[in-house]
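One structure below.
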Number of protein chains: 2
Amino acid sequence: MQLNTDLYKMISKAQITEQLPEIRTWYEHLHAHPEPSFQEKETAAYIASGLKKMGLEVHRLPQNAVMGYLQATNAIGTIGLRAELDALPLHEQTNVNYISQNTGTMHACGHDLHMACALGAAKLLSAHKANLKHNVLFVFQHAEEKIPGGAVAVIASDFFKSHKPDVMLAMHSFPDLKAGEVGFRSGPYMASGDEVDVHIKGPGGHAAMPHKTVDTVLTAGQVLVALQQIQSRFIPTEIPSVLTFGNICAESVMNIIPREVLLEGTFRTMNEKWRKKALKQIKQIVQNTAKATGADAETVIRPGYPTIENDKNVTAKIENIATKLLGSKNIHLLPLRMTTDDFGYYAQKIPSAYFRLGVADSNGRSAGLHTPEFLPDPKALETGVSLLVQIIQNY
Amino acid sequence: MQLNTDLYKMISKAQITEQLPEIRTWYEHLHAHPEPSFQEKETAAYIASGLKKMGLEVHRLPQNAVMGYLQATNAIGTIGLRAELDALPLHEQTNVNYISQNTGTMHACGHDLHMACALGAAKLLSAHKANLKHNVLFVFQHAEEKIPGGAVAVIASDFFKSHKPDVMLAMHSFPDLKAGEVGFRSGPYMASGDEVDVHIKGPGGHAAMPHKTVDTVLTAGQVLVALQQIQSRFIPTEIPSVLTFGNICAESVMNIIPREVLLEGTFRTMNEKWRKKALKQIKQIVQNTAKATGADAETVIRPGYPTIENDKNVTAKIENIATKLLGSKNIHLLPLRMTTDDFGYYAQKIPSAYFRLGVADSNGRSAGLHTPEFLPDPKALETGVSLLVQIIQNY
């Protein structure tokens with residue numbers, strides 16, 4: 001198998017290697033200074049300052065997002081690359097010397113890695129404006145982790161609209177693959193995620209006299225059971241979907257039937273049409289199951305991120321470049337993920353690809369995303385930067 | 001209809017009327033100084049002091065109960081009369097000038113009235129030791145309102161054992177009847193009440209990946225639904241029984257399947273044999289419903305008060321006396337009550353009668369027991385004292 005055929009048009013492997021120590025410095029700085037969603041002030045300033053030094057046109061949103069525009073002299077189009085600024089409310093449990101300095105906040109989803117790779121690509125590519133086929137819009141987006149998601153504000157911004165990419169990309173850490181490996185998937189890849197609150201209400205009363213009231217706790221139980229049919233009977237079997245209520249709460253005592261029971265859940269699916277239909281059906285099942293016991297019910301849906309549907313052509317194109325760079329043995333077909341990412345908003349408007357960068361060690365070991373022990377293998381930095389550079393210069 | 005036939009053997013109506021102002025003073029003092037269950041120190045001291053002045057043999061338990069023994073010179077037996085010392089954690093909402101001085105604590109179950117009536121009877125009867133047929137053991141019991149119930153300590157005490165009544169009586173306020181009316185019922189009258197905690201346990205996990213864990217919330221819902229059959233399928237239809245879970249709690253969030261869901265409930269029935277069988281069946285249904293989803297389950301039963309089963313002969317005898325005193329139009333057959341009282345412990349060991357004293361006004365209006373507006377019609381004091389005196393001197 002011959003690798004690297006017709007890659008490295010402008011930027012050589014040696015140039016990337018030379019850039020790595022600085023990228024590593026950025027990564028460690030970002031890891032040590034995590035900030036929560038919607039509070040990424042210092043991170044945004046750090047990124048903006050870096051992009052400016054590289055000569056990019058920098059635009060900042062009041063919500064913290066930073067966009068860096070690299071204009072190619074003879075561009076045939078624009079490629080957008082999304083990285084994320086925000087960290088998670090976790091107490092880091094690693095022993096690296098660049099451990100989080102902001103106790104209780106941690107980059108446990110690899111956003112530090114993604115930012116460092118994007119900065120590295122920006123630096124390397126910024127020296128080649130004259131020869132690049134595409135402009136590049138580097139989007140360092142705030143608040144990926146928190147509804148309504150920073151993507152909404154970015155997409156709505158005038159700067160994004162006036163520099164709108166023809167293709168949108170996001171590279172995200174993936175502990176199921178080793179550093180050096182990457183994964184792609186055409187079509188639906190990650191789920192939509194909506195928050196579903198169900199309030200079951202009644203007049204309340206004494207536990208010994210349920211006939212004088214409505215048993216809201218029992219009704220909540222019946223609603224939970226009835227809602228299983230959303231997945232098992234209502235949505236087509238081939239569309240992965242899951243409805244789970246992680247919380248149930250009555251705030252009562254054993255002998256008082258409460259006036260309200262709250263169910264808090266999440267509904268996820270991979271098809272926007274059936275997402276809408278299912279949310280309507282959830283309300284209908286709740287309403288009528290409650291009606292059967294005489295309870296009142298209110299279903300409040302807080303719409304979350306949409307499904308990420310990877311464009312077939314974009315995915316094929318970048319997978320082809322990745323295969324040339326890394327060899328087909330390091331390229332994986334990603335399994336479907338029922339987790340969510342607000343990158344779905346870009347994918348709804350622009351042909352997009354969300355692909356995964358392996359971060360496990362050479363034995364395939366890694367703590368999970370969103371755990372206090374998460375720590376990408378540093379080798380992933382090199383793979384990440386190389387891949388971004390090659391995708392952009394070869395797209 | 002001729003009333004009062006062969007009543008008033010020793011104590012005349014005029015003597016009772018003469019005693020009423022002092023009884024009213026006791027009642028208002030007790031109402032103004034309520035104390036919570038197991039904390040009835042001042043109330044106990046007040047009662048003990050009163051009983052001593054009347055010349056009764058007084059015995060106090062460290063748990064606060066006060067017993068006053070009135071020894072008749074030529075007794076053929078002993079009658080026990082239970083009153084209660086404790087009040088409830090409620091903020092009184094009445095406008096009487098003897099309103100609770102202990103903010104947040106209130107005599108909202110009529111225990112002040114019961115104590116005043118019992119004290120009045122003790123005072124009136126104490127002058128007639130020579131002629132009484134029965135000794136009287138006045139039991140001013142602590143903690144009727146709180147499991148395990150003061151009755152347990154009273155019954156276990158050496159003093160109670162050595163002065164053990166042949167018959168045990170309790171007169172309790174009843175807002176469904178007017179002052180001047182009373183109610184009786186032979187056989188089962190009030191329910192047993194056991195607290196049932198159900199813990200549904202699993203490894204916990206992400207809401208989007210229920211296949212990697214066990215859905216403890218759904219399992220709790222299925223357990224709630226399955227447990228309906230305790231009442232509908234398991235216990236004989238003619239035995240009034242109710243199982244209600246007033247609280248359900250997961251302490252989780254919408255997208256995390258919790259490691260534990262707690263259901264807190266109460267099981268009440270009117271038959272001690274079926275009580276035991278049903279509690280066993282509850283555990284079996286919980287265990288196996290949980291097993292079906294793969295969850296672990298733990299059912300913790302905190303045994304509460306037993307059923308109050310009124311002795312047929314004792315009830316007939318005192319109802320007969322009450323009918324002579326008040327006229328049959330003021331005597332009512334009590335409906336079954338699914339509420340509980342630790343008087344059931346006495347009734348398990350001694351032929352007993354728990355009867356009700358009307359406390360509503362002449363229009364039948366009264367706030368409910370255990371509500372902040374509860375206030376007995378003061379006329380009930382006269383009926384209560386008269387009835388106790390007549391029952392004891394005519395039994």
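Cβ coordinates come from backbone N, Cα and C, glycine included.
Quantities reported herein were computed from a predicted structural model and do not represent experimental measurements.
As recorded in TrEMBL:
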{"type": "BINDING", "residues": "B:Cys109, B:His111, B:Glu145, B:His172, B:His370", "note": "Mn(2+) binding site"}
{"type": "DOMAIN", "residues": "B:196-292", "note": "domain 'Peptidase M20 dimerisation'"}
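Annotated features, which come from TrEMBL, shown on the structure.
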| residue | record | Cβ neighbours (10 Å) |
| --- | --- | --- |
| B:Cys109 | Mn(2+) binding site | 22 |
| B:His111 | Mn(2+) binding site | 26 |
| B:Glu145 | Mn(2+) binding site | 21 |
| B:His172 | Mn(2+) binding site | 24 |
| B:His370 | Mn(2+) binding site | 14 |
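Cβ proximity to the Mn(2+) site centre (mean Cβ of B:Cys109, B:His111, B:Glu145, B:His172, B:His370, cutoff 8 Å) flags the following additional same-chain residues: B:Glu84, B:Asp86, B:Leu88, B:His107, B:Ala108, B:Gly110, B:Glu144, B:Ser173, B:Leu369.
B:His111 (Mn(2+) binding site) carries a helical DSSP state (H, G or I). Under DSSP, the residues of the domain 'Peptidase M20 dimerisation' (B:196-292) split into helix, strand and coil as follows: 42 helix, 29 strand, 26 coil. Mapped onto three states, the DSSP output places B:His370 (Mn(2+) binding site) in coil.
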